[in-house]
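Visitor: Summarising the annotation, TrEMBL assigns (6S)-5,6,7,8-tetrahydrofolate binding site to Leu113, Gly117, His118, Leu119, Ser361, Pro362, Phe363. Residues or ranges marked as domain 'Serine hydroxymethyltransferase-like' by TrEMBL: 2-392. Residues annotated as N6-(pyridoxal phosphate)lysine in TrEMBL: Lys222. Among the features that TrEMBL reports, site 'Plays an important role in substrate specificity' is placed at His221.
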Amino acid sequence: MDRDTQIFDLVEAEKNRQINGLELIASENFVSDQVLEAAGSVLTNKYAEGYPGKRYYGGCEIVDEVETLAIERAKELFNAEYVNVQPHSGSQANTAVYSVCLKPGDTILGFDLSHGGHLTHGSPVNFSGKLYNPVFYGVIKETGLIDYDHVREMAHKEKPKMIIAGASAYSREFDYKKFREIADEVGAILLADMAHPAGLIAKGLISDPLPHCHIVTTTTHKTIRGPRGGMILMGKDFENPYGQKLKSGKLKKMSSLLNSGVFPGNQGGPLEHIIAAKAVAFGEALTDEFLHYMVQVKKNAKAMAEAFMKRGYDVVSGGTDNHMMLIDLRNKGVTGKQAEETLVKAEITVNKNMVPFDDKSPFVTSGIRIGTPAITTRGLKEDDMDKVVGFVDAVISNIEDESIIEKTKNEIHEMMGHRPLFQF
Ligand code: PLP
C-alpha cells in the first residue's frame, strides 16, 4: 500500500500544533525522542499474555527482559516492592485494583469529582460509580483544602471497604499519613492514585504515598513524562492488612492477586512497545536531569499562580504545591467553556474544569485547570511565567476581540516556534 498520507499529514499537522502552541493542560507532557522511538517500535507486533517468565506465548524472551527492566526501574524510582507495568491506562490500573479488592456493591470513599477527584473514583457516569457504592469527601469552601474532618466523618459513617486519596485537579499536598490513620480506624484499604504528581513524588518533591498507602496507582504520561499508560505499585516495609511486610506470604498473595486483576482479569496481551517506552521514561526519570526538570515544573507553577493572582484571578486555595492550579473564573465573568474555546483560537490549550462548589454543569464549568509540565519540557523558566499568564489574560479579558486573539497567537508562535521539541 502507498504511504497513508491522509493520516501522516494529520500527524504532521498535530506535530506543528504541539511545536507552535502553548500547552498548558496539566495532564499533558512531551516525551523524549527515545520514548517515542520505543513506543513506535516493532515490539507492537508481539503477543505476550502473562508475566515475565510465565507467558502464554512463545518467543517472549526479549520482551521479558524489556518488561523486567521497566519493573526494576519503576521499583528504584518509587522505592517500591511491587510494580505492575501492564495497565493500558490509569483507569485500567484502578479497574484492576478495584476488581481484586472489592465486590460489586461495596462502598468506596473518593474525592468528589467536582472538587478535584477523578471519574474512576466513584463518579456515577463511570463503572466505579455504577458497580460500587460511591460516597465522597471534598474540600473546605473557604480554603479549597481537603476537609480531613469530613473524610473521617464519612469514613466512620459509611464504613467504606476502600478509601481513595488522589486527584485530577487538586494543587495541594495530600496528607497520606492522616488518610492511613482514618483508613485504619475503619478497617478500609487505602489506595492512592498519584497519576498527576507521580514525577514530583519520584524525585521527593512532594509527599510520598508509598510508605502509607496499601496500594498506589498512577498514569505514566503526566508529570512522569512517559508514554500513555498506567501502573500499580506497593511500597516497602509497612504494616498492611495483607501481611507484615511484602516478603510475607499474604503480601505475596496480594501481588499475585493484583497481577491477575490486570491479566487475565481486565486486560489481554500487554502493550510491550509501550512497556519499553515506560522503561525508557523511568530510566530518564532516574537521572539528576529529571530532578532539575521537576524542580523547575514546581517553580514555574508557583510563579504562574502568583502571576494570575497579581492580575486578579481567583486561584483555588490561593496557590499551588505541585505542577498545577485551578482558576475560578467567576469574578472575570467568563465560563470555563468560553475560556477553553477562545484560548484555543490563540493556540493556548487548557481544559475547562469544575471548581469546588461550582454552580455550572461539567459541560460549561466555572474554571480552567492549568499546569506547567509541558511548557517546562519546552524549556520555559519562572521568569517566562508572567509573559505566559499575560497571553492567557489578554484572551480572557478580550474574549470577543478577534484581533487581540490573533495578535496573541502570533506572539505565541514567535515564542514557542523556535524551541526544540522532536528531533524526528
Ligand atoms: N487517575 C487520575 C487521578 C487521573 O487524573 C487520571 C487521568 O486524568 C486517571 C486516573 C486516568 O488515566 P487515563 O486517562 O490514563 O485512563
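Each residue, glycine too, has its Cβ placed from N, Cα and C.
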Visitor: Can you tell me the three-state DSSP label for His221 (site 'Plays an important role in substrate specificity')?
Guide: coil
Visitor: Which binding-site residues from the list Gly117, His118, Pro362, Phe363 come close to ligand 1, meaning a Cβ under 6 Å from one of its atoms?
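Guide: If the test is a Cβ under 6 Å from any atom of ligand 1, the answer is His118.
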Visitor: Take every residue in the domain 'Serine hydroxymethyltransferase-like' (2-392), average their pLDDT values, and give the whole-number result.
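Guide: Its mean pLDDT is 95.
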Visitor: Among the binding-site residues Gly117, Pro362, which residue has the fewest other Cβ atoms within 10 Å of its own Cβ?
Guide: Pro362
Visitor: Of all the binding-site residues here, Leu113, Leu119, which one's CB has the most other CB atoms within 10 A?
Guide: Leu113
Visitor: Max Cα-Cα distance in Å among Leu113, Gly117, His118, Leu119, Ser361, Pro362, Phe363, the residues listed as binding (6S)-5,6,7,8-tetrahydrofolate?
Guide: 16
Visitor: Within 10 Å of the Cβ of His118 ((6S)-5,6,7,8-tetrahydrofolate binding site), how many other Cβ atoms can be counted across all chains shown?
Guide: 23
Visitor: Tell me the Cβ neighbour count for Ser361 ((6S)-5,6,7,8-tetrahydrofolate binding site), meaning other Cβ atoms within 10 Å of its Cβ, over all protein chains shown.
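Guide: Its Cβ shell of radius 10 Å holds 10 other Cβ atoms.
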